[in-house]
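Noted in TrEMBL for the protein shown:
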{"type": "TRANSMEM", "residues": "21-40", "note": "transmembrane segment"}
{"type": "ACT_SITE", "residues": "171", "note": "active site, proton donor"}
{"type": "ACT_SITE", "residues": "304", "note": "active site"}
{"type": "DISULFID", "residues": "368-397", "note": "disulfide bond"}
{"type": "ACT_SITE", "residues": "411", "note": "active site, proton donor"}
{"type": "ACT_SITE", "residues": "439", "note": "active site"}
{"type": "BINDING", "residues": "528", "note": "Ca(2+) binding site"}
């Protein structure tokens, strides 16, 4: 026999005697016992990017990327040899990620807008505690009662909108107003409705323009509003993606001023000249009320959520406002006619951009909201080919992650249309950053809800694990990174956007949850910051029931 056959051997090939074998087995069992006892393995360390060390937290450790085994990212294979394979609790992994992010926010940025996790400080945008407000309904949905209670106390005792500060109408509407309205509906606590009324009323001066197209900026303390310093234009997405929130505020307060203001914008844009097959330009002038810079059409930044809110307002109002549906359907056909192309060699379907009649094969990560929106429409009776397009675009958004060395998508991808080039996706150096954006996992959530295809969960799981591997900061929080093509140095940018807690982790949690009634898509619509608002009870008109 070879010395490696049969009994265990010592160095030199001599057989172990019985006493040595017993000692070996006892030692082996002792080690296994320690490893299986959580309190003795509460603190250990995982290698991360650029030699940084990530501390594992008891009971909710990061999981392996390959087979769903329990263990650390770095040592999954080793741990598989020491203990039985166990099914991963993906829902709990999202809770753990949230707790880790919240730990950093609470320690270094409490009450401020954004966490800077590497420098262990905070960033300020409006001074309204954006991350905390954006995360309220996420904590409620995740069942994080202690964290929610301490955040609620801050809202009750510290949050004040009586500040001499300029805020962006769109951002403060979708994050603050939307977050407060959603939290009110989930909890029934009127504290959040009262705060929503306060901020909503303070944003109304934005609509005092010659055209009734709102200014981009409002001073919520002074009650004044103005366009940006460099232009009198507002972006089309911003002025057409505040409607869900203001309509709902009118329904709850029985005060029509909010709904009237945003629906005047909707009617104005509906009849405005300058569209191309239902597609809208990116800018609109607050004085003239006309589209400006008309040659460019995109479903990315500055136009994206216009299309999303056409469908979602139609759903919010009980499918009665036909002009919204007509504009949405026309726009999707405009996308097919003008912007849709396929890559070479893999024939990935993508949505490009049109500039003065010429297609640019460029797609923002922001466009990855579209598969989910298309699927939501198809679920509500819109044409079946919308779902076919959703399936194709979902694959493309997945590939924007899978083809990157870190497994994380760039902010912008360029697609290859030439048959002699081997790569489908190219990323320019200036576009290689990842901001922890939610759009792809948002669409994965919708796709899983409507198809029950487990691959969408697997794709979301890969994304979460790569966030953990390349963006997680040891002391708490997650950071945007500068280069998704370099796993050795992804170039952390020291910023955790509020939407990582408000949207990204919320959609991942809902993707992994087996409870389809947890925020039922037949009862709620999500605003563009992932804050669920109720679909209105059925009425005879498209107006809010309380205002009809």
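A Cβ is built for glycine as well, from the same backbone N, Cα and C atoms used for every other residue.
Automated prediction, rather than curation, is the source of TrEMBL annotations.
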When distances run from the Cα of residue 397 (disulfide bond) to each of the recorded positions 171, 304, 411, 439, 528, the nearest one: 439
Whole-number Å value for how far the residue listed as 'Ca(2+) binding site' lies from residue 171 (active site, proton donor) (Cα to Cα): 10
Listed active-site residues (304, 411), ranked by Cβ neighbours within 10 Å, top entry: 304
Alpha-carbon spacing, residue 304 (active site) to residue 368 (disulfide bond), which is rounded to whole Å: 10
Integer Å distance between the CA atoms belonging to residue 528 (Ca(2+) binding site) and residue 439 (active site): 10
Euclidean distance between Cα atoms of residue 528 (Ca(2+) binding site) and residue 368 (disulfide bond), Å: 13
Least surrounded among the active-site residues, given as 171, 439, when other CB atoms within 10 Å are counted: 171
Distance from residue 411 (active site, proton donor) back to the residue listed as 'Ca(2+) binding site', taken between C-alpha atoms, in Å: 18
Packing count at residue 528 (Ca(2+) binding site) (other Cβ atoms within 10 Å of its Cβ): 26
